[in-house]
Amino acid sequence: MPQALERADGSWAWVVLLATVVSQGLTLGFPTCIGIFFTELQWEFQASNSETSWFPSILTAVVHMAGGCRVGVMEEACLQAGLPSCPAGLGMCFSFQSSITVLGLYFVRRQVLANALASMGVSLGITLWPLLSRYLLEDLGWRGAFLVFGGVFLHCCICGAVMRPVATSLAPETKECPPPPPKTPALGCLAACGQTIQRHLAFDILRHNTGYRVYTLGVMWSILGFPLPHVFLVPYAMRHRVDEQQAALLISIIGFSNIFLRPLAGLVAGRRAFASHRKYLFSLAVLLNGLTNLVCAASADFWVLVGYCLVYSVSMSGIGALVFQVLMDIVPMDRFSSALGLFTVLDGLAFLISPPLAGLLLDSTNNFSYVFYMSSFFLISAALFMGSSFYFLQKKERQDKQAVGTDALEQDLFLEGKDGSGKQRCPEIIWCQSSRPPCPAGVNKYPWGCPASSRSSHECLLWPKAVLQAKQRALGRNSP
């Protein structure tokens, strides 16, 4: 029996938004609490910092390196129920990518606000997961805590169930019985895999869309530093004799602040005045995020770290509210799913490398400050790269449009002969022919030159100045 399609921007869209909030809170919010278990896992397995870092690294990388659909959200719950890193990360990926894609189809007019409210679920997860983790770790140990987490993740089945198919604006094509396709030889395994990858991963967009290429590389580079505070902030605070409860509270402060800051960032970015500047706002948020990590490296006092978490929350809210919206602005919505797939796969590679690389640096120096310096370097350099690249791309695009407009304008500038029998290309704009008698004294009252009644007698056969100025204003050029 065919299933009824839901309407975009309808009442059910808000139910899907609520399901997305819960889904993102359970999935993307969970990796931030791994720092609570970092010291416990390190002691349990007698592992180094670099070896222990592979657990959050693999989990977060797999979250970003697969994709899904409505059924994928429900499969995610079953996979996460089994935790450890790889199956749980795969399930989380099915959930969060599917919810982001479906949300973009359900919301058209309020898309920016919907993305900001959905990312608020991550803030709720960042707030609650560390507190719950600390409580379960003290009472049940890390094994018992992970069993409870598996049961909590099963609630994502409900989120997947409410994500019904949505009607699109494209009308289905009606075709009469098409002729049977010609027989073609069966594709080999490698060719079939290549076609499947090309269909689901937007390599063609990566090759031809410069903005998408810049954005993907910039975000990938920034992710080499972005997850490090979430992994190493709690061990860093505990190394400097901050109480375990207070150390866990630091992550919750970041999440609680984001609950209010992310919707505010979405409202600001959703204003029409900022529509063409969202990519610059995102670059600014990444730059601020990198600069705040320098404060954390300067002092490990608890109240200094609290101030750091509050400032860090401002930049993190901007990143969370804009990261997917900027991608929606760069690529067409009908290719967003495949563009998001390739985007998250490449980001997953950065997530896989970042924590072990920082752990290796920590093992060699035994100084947490270098970890935060490393995070600042990647974030600041990525922000400068994206901001400058977007500026030059926009400048080049504007120059190309002006060049095309100038060519079209030159083709329109013709002087008609006196008898009107032919047209002649005009190399420059002439207001009155100097070889003829001057125009009447009242010509200044007319912005386009001589009155129409006196043109034939005074040979002021001119391109109307008002029309020319209007065209030049549309092209962003000054009138001659």
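The count begins at 1 with the first shown residue.
Even glycines carry a Cβ here, placed using N, Cα and C.
Feature annotations, reproduced from TrEMBL:
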DOMAIN    211-480  domain 'Major facilitator superfamily (MFS) profile'
TRANSMEM  12-38  transmembrane segment
TRANSMEM  112-132  transmembrane segment
TRANSMEM  144-163  transmembrane segment
TRANSMEM  214-236  transmembrane segment
TRANSMEM  248-269  transmembrane segment
TRANSMEM  281-304  transmembrane segment
TRANSMEM  310-327  transmembrane segment
TRANSMEM  339-358  transmembrane segment
TRANSMEM  370-393  transmembrane segment
Mean predicted confidence [pLDDT] for the domain 'Major facilitator superfamily (MFS) profile' (211-480): 77
Positions whose Cβ lies under 8 angstroms from the transmembrane segment (281-304), at least six residues beyond its ends: 218, 222, 225-226, 228-229, 233, 236-237, 239-240, 242, 246, 269, 274, 311-312, 314-319, 322-323, 326, 368-369, 372-373, 375-380, 382-384, 386-387, 390
Closest-packing stretch to the transmembrane segment (112-132), where packing means Cβ pairs under 8 Å, from 214-236, 248-269, 310-327: 248-269
Any contact, the transmembrane segment (12-38) to the transmembrane segment (339-358), with at least 3 Cβ pairs under 8 A: no
Stretch of maximal Cβ-Cβ contact with the transmembrane segment (339-358) [cut-off: under 8 Å; candidates 144-163, 248-269, 310-327]: 310-327
Distant-in-sequence neighbours of the transmembrane segment (310-327), which means Cβ under 8 A and at least six residues beyond its ends: 100, 104, 111-112, 115-116, 119, 122-123, 212, 215, 219, 226, 229, 253-254, 257-258, 261-266, 269, 278-279, 281-282, 284-286, 288-289, 292-293, 295-296, 336, 339-340, 343
Within-chain partners of the transmembrane segment (248-269) [C-beta distance under 8 Å, separation at least 6 from its ends]: 29, 32-33, 35-36, 112-113, 115-117, 119-120, 122-131, 133-134, 230, 233-234, 237, 278, 281, 305-306, 309-310, 312-314, 316-318, 320-322, 325
